[in-house]
């Protein structure tokens, strides 16, 4: 609104001084020319400075301080709107009279098909726009942004039907949902006491201990380490007076297998497999020009200065003299009957895992590795220890004839 016209309509001489807080600005030259073309202002007013006011502020001022003027102004606006609608209707009726055409009855079905086709195209475009451009919308009543729900596969009704006892509400109550555990799974659960430790990933590399610590543990006797010994259950199966072949030393209690310090670091070995019994027809591995990992000599000479064949690991390229590995002749003949593993590749026969080296012990007859917790032992036994695969049959007792009543006593 123009400030000059408002002040004239309200009868206020100095409108700017009376209402200085109203927002106002000066009209540009183009705006004055536009108002002159609409006959809103005169040519004299076009040369003068004119000021524009905000319409909403002026109407609020009229409602508060000039209610009579505002009522008169509202009536004038309604008359103008009514006149505009009437003029628009007259123009529309004149256009209809000028463009009046008679529609043939035979073309009505064609027009109906065209109208239906256009309506279908409009609906398809509207739905496509909703799905691509306006998927989410803001709900003015709840002030929540509504997002379309994703598509999910629906199961058949019989698969999702709830039973009469779906879940126990109190401890000990019957329910139809339960899990059946296999014997191997139950060994990991603490029913009375868990028999197995948490399973380890077989693909994880085994932790290798330092070689210096192995040498230090060799002289500790029955202390922790990869020692071999006899448990109470198997100590009676081997006689203490049983002799050993000449040239072989009796293994010390609690001894450990010396690690191959000078051997090259082994590469990624293939997946290990548990070997519980001798493999029929097994042929030992043959590596020409192999060197012992301890004394760094071939089969022509050992650390004792004698020619001695080497034993080879079935998993890697490590080799060693039986005397350097503290092996007896019986043990050497036994390890040739199955794929023998060196200390670097040794795995448990029961679980097939190389982990928990501090709990690994070895049979004194076949040199197979076992975890203490896999065979039900709480700790590594001291002395000699023999696995179940190598347990010897107990000696058959000799039959002694009964003495008669008339027998003589010597």
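Note that Cβ sites are derived from N, Cα and C of the backbone, with glycine treated the same way.
Database features (Swiss-Prot):
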REGION    1-207  region 'SAY'
REGION    1-97  region 'Essential to induce neural progenitor proliferation'
CROSSLNK  153  SUMO2 cross-link
MOD_RES   182  phosphoserine
COMPBIAS  199-208  compositional bias 'Low complexity'
REGION    199-282  region 'Disordered'
REGION    204-246  region 'Essential to induce neural progenitor proliferation'
MOD_RES   209  phosphoserine
MOD_RES   213  phosphoserine
COMPBIAS  228-254  compositional bias 'Low complexity'
MOD_RES   239  phosphoserine
COMPBIAS  257-271  compositional bias 'Basic and acidic residues'
ZN_FING   291-348  zinc finger
CROSSLNK  297  SUMO2 cross-link
ZN_FING   350-393  zinc finger
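Residue 297 (SUMO2 cross-link) falls outside any helix or strand according to DSSP and counts as coil.
Residue 153 (SUMO2 cross-link) carries neither a helix nor a strand DSSP state and counts as coil. Per DSSP, the zinc finger (350-393) is made up of 6 helix, 6 strand, 32 coil. In the zinc finger (291-348), the DSSP tally of helix, strand and coil residues is 7 helix, 5 strand, 46 coil.
Between the alpha carbons (Cα) of residue 297 (SUMO2 cross-link) and residue 182 (phosphoserine) lies a span of roughly 51 Å. Here the region 'Essential to induce neural progenitor proliferation' (1-97) is broken down by DSSP into helix, strand and coil counts: 68 helix, 7 strand, 22 coil. Summed and averaged per residue, pLDDT over the zinc finger (291-348) gives 84. Shown are the recorded sites 153, 297; the one with the most C-beta atoms within 10 angstroms of its own C-beta is 297.
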